[in-house]
């Protein structure tokens, strides 16, 4: 669950905010709450940010004694909380200066002091909601639109404030409230946090106790929901282990020295779930008893508390271990804090204390501000009925319970060079670092099991856990992603209407249109000598067959289906067989005309119109029979090829019968070879227009294309095999079209003076041949005219 979870909560408020005019905002103390700062920046959107802290060192130190629901404020500040406020201010300034995040909107803020006490936080929340202020203080002109609250630091305060905000659906993002109880979405639906849930921490502490074999431990907790919930979680985590709990003692809310001194018992390991404010008086009295040798296990609430870094604490707290919020880096924070330094503010003790205590919680404050800003930014980009759209900037993610992803540092308290306590990250000491998801462990031969290599999973295998022993093979239709951490569906590939498919489609349509145009030219000039002498009827048959050859390429484009697979090769083979049969018939006529010039030859009577049609029909019928047998026996069918390239599923047409496929191509080759031999014999036919030469050249191109096709087709992968076959069909079709008809169209359209019987006759020897062709074509034309009549 990401920042999108905040949108339903922000929406009802944001709709009203955008219609409000900016309001004037002043520093005015709220009832029972100290308002520290109000930033007036031509406000259009307001974020009210609660900076709260531990009992002893809040912005104002609040005593534990409460009379008539009043909190006694003292003039003592918590430098950590002041640094949090400065970090928040830096984040707001960065957002306001950013041209990409919330452009044309300005974020403003108010900071209230909740004194680290639930009742004071409640009064501050109510003051923000209803706009009340002290009677003797300046007031804001107009209602303050409340979008969200960042806070509280303590879980007890967050529980109270979240319940107040819940009816108004105002989201609340805490930077330091880690109580597991706040994960209940039914009770706290508007609560989010950028600190991990305590459930993770207590499980980690339980593993720590088991790892060091600390089987007799004491538990100390604060008198609040944070302490009680954490202890319950720890007890659950310890069930089934060898760790026994020696005692559970609570630091009383109304602190009693006598009661506190009874807490420490026989256990030498003590786990403490408490805030530093409660721990301070307890440890002070504990130190007076000169008790040493206790191994303290600290919760994240006080494991990095700067108040315990003094050298006087080391004899009693040295060696303390615990889990702290992972330290984060904020770009520009160091330079920003330098603008608030003791040299610039020499009389401000707060600034001096700030530079002596730097903590980890600031990064959580920084993240919380940006979480609100990005949620608002995405909401403002929302289109009606389209939902919010995440942008490409910084993301802060929440799970289904509003919690952030847990990351911790293990902290150990060690003596520094000046005798004071330093918080040191426990160093990692391993023979081999853990193998990340996407890899597996490979034990090194002859070395301990702790020493191993991390090998990347093979392609098609994944591991989605750390330190996996082996990689898992992906299912058949899935493949590993780039990181080898998940199986993703294989890419499906076929010759579709992408750039390659569109190019082939355009070329195919252009070829068909050119063929139709040539057909029109020949039909319009069908009575001219050059058309008649070249047997116009066979020419029209050839053009019709060529048009079908061009169009059959379209069947190779698109996802293969049962019908398209059967139609691909059969349509191509039959149309090409028809075309070559017509050319063969024309070649025979030309050759017969050359032979008929010899005395006593009467071969032309065997090549009349009926005989020509019979030749064309018979030659084509053989191909039709082969294709019919192919379709009946083992027809082509669509298949999913996963063998050629394992990461892809190639959709292709399996030929079914390889023998039938090559028989079809072989028969076309046989026809072409026969046609080439006959045309070659007639290449020296006399006449100004010797068609045998053009037939020879066209068949030569045809054979060259298909001879080159065979190795290219076999070696082409996936969709490129279909593209190669389509290209071969187009190339051979264009070769036949241009070689056979371009010279005739040139004479018809550009050299009409040569389109005469005299020009075609030439010398006497030529005249005899041309006369025969002319008479023969005239007879054919006359017979067809009578038949049509």
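Cβ coordinates come from backbone N, Cα and C, glycine included.
Annotations in TrEMBL come from automatic prediction, not curation.
TrEMBL annotations:
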DOMAIN    500-764  domain 'G-protein coupled receptors family 3 profile'
TRANSMEM  6-26  transmembrane segment
TRANSMEM  47-70  transmembrane segment
TRANSMEM  500-524  transmembrane segment
TRANSMEM  536-558  transmembrane segment
TRANSMEM  570-594  transmembrane segment
TRANSMEM  614-632  transmembrane segment
TRANSMEM  659-682  transmembrane segment
TRANSMEM  694-714  transmembrane segment
TRANSMEM  726-749  transmembrane segment
TRANSMEM  769-787  transmembrane segment
Quick one: do the transmembrane segment (726-749) and the transmembrane segment (614-632) reach 3+ CB pairs under 8 Å, ignoring pairs fewer than 6 apart in sequence? no
So which of 500-524, 536-558, 570-594, 614-632 has the most C-beta pairs under 8 Å when paired with the transmembrane segment (694-714)? 570-594
Report the listed stretch (536-558, 570-594, 614-632) having the maximum count of Cβ pairs within less than 8 Å of the transmembrane segment (659-682). 570-594
Averaged pLDDT score, the domain 'G-protein coupled receptors family 3 profile' (500-764): 83
